[in-house]
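Colleague: Pasting a structure below so you can have a look.
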Amino acid sequence: MLFGYDLSIAIGFLLMIGFIVLVHEFGHFISAKLLNIKVEEFSIGFGPKIIGIKRGETLYKIAPVPLGGYVKIYGMEEGEITEPDRAFYNRPRKQRLFVLAMGAIFNILSAYILLCAVYMIGVMERTYLDKPPVIAWVNDKSPAQETGFKIDDRIVAINDKKMTTWKDVQNTVLISPEQFLNITIERGQEELKISVKTGKISSHEVGYLGAMPVPPFTVLEVTPDSPAQKAGIKAGDIIYAVNDETMDDLGSVIMAISKNPDRAIKLSIERNKEQINIMVTPKKEDKRGIIGARYDPFMEKKSYGIGSFKRAAVEVGNNVVLIFVVIKKLVTGNMSLRTLSGPLDLARVSGSAYRSGAIIFMLILALISINLGVINLLPIPMLDGGHIVIMGIEWVRGKEFSIKLKERIAMVGLVLLLLLMAVVLYFDILKWIN
């Protein structure tokens, strides 16, 4: 077992990182080759060669540290230049910009292609995310309940930004943990403004409101002779808390039941607008607890056909915008570094996606690829965006920096990135412990 799971974590992580790095570096590689710039190495992973093969002037290799990769382009490092016409820094700025940008462009393009395929084949989606944000459930002791939100309230705007779907609300709240939000709601014919401080889901460092589009867990059917039936659970019951812990969604309820095989748990249930508590002991099956209650997942498989191309483009655009919103909040101190996912969190997500099947894996792969593409264009030394900024400064001053100075700047960037990775890894470990 690895981190409490099986080898699917390692397989999923290696497949995901391998694909994303391969696509990114191939973007740099193919653009350099198209411009007849010499490429000396194409590496998946960092460190010494595990396996490799040389074709022509380029060594293709796999290295032991699977947290990235690189393309070694001739003339980017200080040293003797014997073929000046094929050296990177001897090429016009437009060509260098093209090579630097193509890694991120390939990541985003590959994500778009993956999303097109996913939406063409069909993907399970929450049925309520694209619907108007009318509240169907308010969690007990949640920020929404404590500030007076009610069932059938419609969320019109948050911080004066119009909310047309539950997805808009979800994205806004998730990136605003423990922050005051000014929420405009419609209640009947009235329009009200409510200031609410969001909560925080500690395990993921994301915001929590407690106003929901659907109840957390609605029982559709109870299996005969099951723990649920023996305990008195009935169809139509709404499970909203387990062991006095409020459940935010369907997944939280399932997880709480699943991790308590053969252990009695207390379910807080709403039945006919009355609240009751029921003790039930989940039956152990495949090392997980089940109670024998079938639920309404509020999910359906949707295939977009020709509309997949537009749907994928919208999803890419929304994710790019969301990344910049998160970056802004991080820079201004409105979001904690704890929110970021490091290698352990990425491994967990990769393993979960791998176990969930090809469609979910492709979907998560696309989203992470978009993230990598955008982050690589940030103006940070050592990243592609840092190189592009240096080129811009050179263009303004009308003079090139020396390769030695560029290497020093890149080294400073590397140190900063390693420090950031260390902090994120620390928070990653805390998440795993929790």
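Every residue gets a Cβ built from N, Cα and C, even glycine.
Sharing the feature lines straight out of TrEMBL:
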TRANSMEM  6-23  transmembrane segment
TRANSMEM  97-121  transmembrane segment
DOMAIN    182-273  domain 'PDZ'
TRANSMEM  358-378  transmembrane segment
TRANSMEM  409-427  transmembrane segment
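I'm curious about the neighbourhood of these features; can you describe it?
Modeller: Residue counts for the domain 'PDZ' (182-273) by DSSP state, with H, G and I taken as helix and E and B as strand, are 14 helix, 41 strand, 37 coil.
Proximity of distant same-chain residues to the transmembrane segment (358-378), defined by a Cβ-Cβ separation under 8 Å and at least 6 residues beyond the stretch ends, is recorded for 12, 15-16, 19-20, 23-24, 101, 103-108, 110-112, 114-115, 117-118, 121-124, 316, 319-320, 323-324, 327, 346, 349-350, 384-386, 388.
Proximity of distant same-chain residues to the transmembrane segment (409-427), defined by a Cβ-Cβ separation under 8 Å and at least 6 residues beyond the stretch ends, is recorded for 205, 337-338, 340-344, 380-383, 386, 390, 401.
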